[in-house]
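*Asks:* According to TrEMBL, the Mn(2+) binding site annotation covers Cys92, His94, Glu128, His152. Summarising the annotation, TrEMBL assigns domain 'Peptidase M20 dimerisation' to 175-265.
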Amino acid sequence: MRFGEQLIAWRRELHQHPELSGHEVETTARLHQWLTHAGITPLPYDLPTGLVAEIGTGNKLIALRADIDALPIEERSGVAFSSQRAGVMHTCGHDIHTSVILGAALKLKEREALLNGRVRILFQPAEENFGGAKSMVRAGALRDVSAIFGMHNEPGLPVGEFATRGGPFYANVDRFVIRITGKGAHAARPHEGNDAIVLASQLVTALQSVASRNVNTLDSVVLSVTRIAGGNTWNVLPESVELEGTLRTHRTEVQQNVKARVGEIAAGFASAFSARIDITWYAGPTALVNDEHWAAFATSVAREAGMKRSMPSCIWAERILQSICSRSPARLSALAAIARMVYITRPLIRTKH
């Protein structure tokens with residue numbers, strides 16, 4: 001079987017057998033089998049799922065990383081290699097990432113005598129819920145690593161095109177929950193309560209002004225309210241409403257200023273409506289800043305391979321390397337990129353592709 005055909009076969013087998021975060025037992029076993037068959041012995045790290053291997057010798061050490069978990073989504077693509085596991089699907093492309101890094105490991109093994117140092121291969125579990133990064137760092141999988149490389153498939157790019165840049169590449173990720181507590185009343189007697197739904201509606205609208213009026217136009221911010229929950233019947237004004245959403249920023253200073261402004265706006269509305277507003281922030285991965293040197297190096301190598309480069313802006317949605325770099329005790333030189341290597345007529349996170 002030709003190497004390209006082998007990559008496709010691996011990807012399709014992984015796609016047929018997706019596993020959720022923290023449950024990638026079969027995936028880990030397959031990777032172990034494929035690596036050992038190629039003469040690569042996985043390292044004995046204490047990991048419940050996921051795998052680490054190493055190629056080469058010497059003091060210099062860099063890492064290549066892929067995520068291996070799937071999402072709780074039912075596949076309805078109809079392709080011959082559709083998921084065989086009900087309610088679970090590789091809709092984010094981690095099957096592609098895993099196959100690419102596996103292929104790179106095999107090619108590096110073939111050229112091991114030419115390497116000037118070591119390359120550590122990280123198959124990270126539980127990327128979707130951030131837990132796998134913590135377990136890999138705790139197990140020591142990033143110990144002595146000076147630079148780490150990762151990529152994410154991007155259907156929005158033409159086939160054979162990649163995108164990377166030095167500097168900020170992935171945003172800080174924060175989740176927030178806002179709980180509004182007022183006084184319920186009959187819908188026909190709103191004056192007897194303080195309408196939490198009206199308060200919530202005005203608060204959502206007011207928050208949209210934070211990015212446009214409280215942040216320097218040279219900085220980028222995304223503040224999105226994604227869930228509103230309140231009330232349980234048609235003729236009663238509820239006493240509480242809950243809002244949930246996300247904040248994405250490039251710089252820590254901007255992140256903290258926006259959080260403070262959200263709190264100030266909420267406090268103002270709480271006072272105006274004689275209600276109580278509580279805000280809880282949940283910190284996600286921190287911003288990923290690509291190393292300038294490695295960005296230039298990767299661009300050169302990719303062009304030598306015949307790939308065309310696009311110049312991206314900072315990316316808000318995916319999380320290449322963020323979860324693992326933000327949990328590393330040492331500062332790593334990181335290089336994340338997006339690329340399109342296969343023809344997939346879909347945006348990310350779709351049940352049909």
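Keep in mind that glycine also has a Cβ here, set from the backbone N, Cα and C atoms.
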*Asks:* Among all protein chains shown, how many Cβ atoms are found within 10 Å of the Cβ of Glu128 (Mn(2+) binding site), not counting that one?
*Replies:* 19
*Asks:* Please list, for the domain 'Peptidase M20 dimerisation' (175-265), how many residues fall into helix, strand and coil according to DSSP.
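*Replies:* For the domain 'Peptidase M20 dimerisation' (175-265), the helix, strand and coil counts are 35 helix, 33 strand, 23 coil.
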*Asks:* Can you check what DSSP calls Glu128 (Mn(2+) binding site), collapsed to helix, strand or coil?
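*Replies:* Going by the DSSP assignment, Glu128 (Mn(2+) binding site) belongs to neither helix nor strand, so it counts as coil.
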*Asks:* Check His152 (Mn(2+) binding site) against DSSP and tell me helix, strand or coil, would you?
*Replies:* strand
*Asks:* Is Cys92 (Mn(2+) binding site) helix, strand or coil when read with DSSP?
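*Replies:* Looking at the DSSP assignment, Cys92 (Mn(2+) binding site) belongs to neither helix nor strand, so coil.
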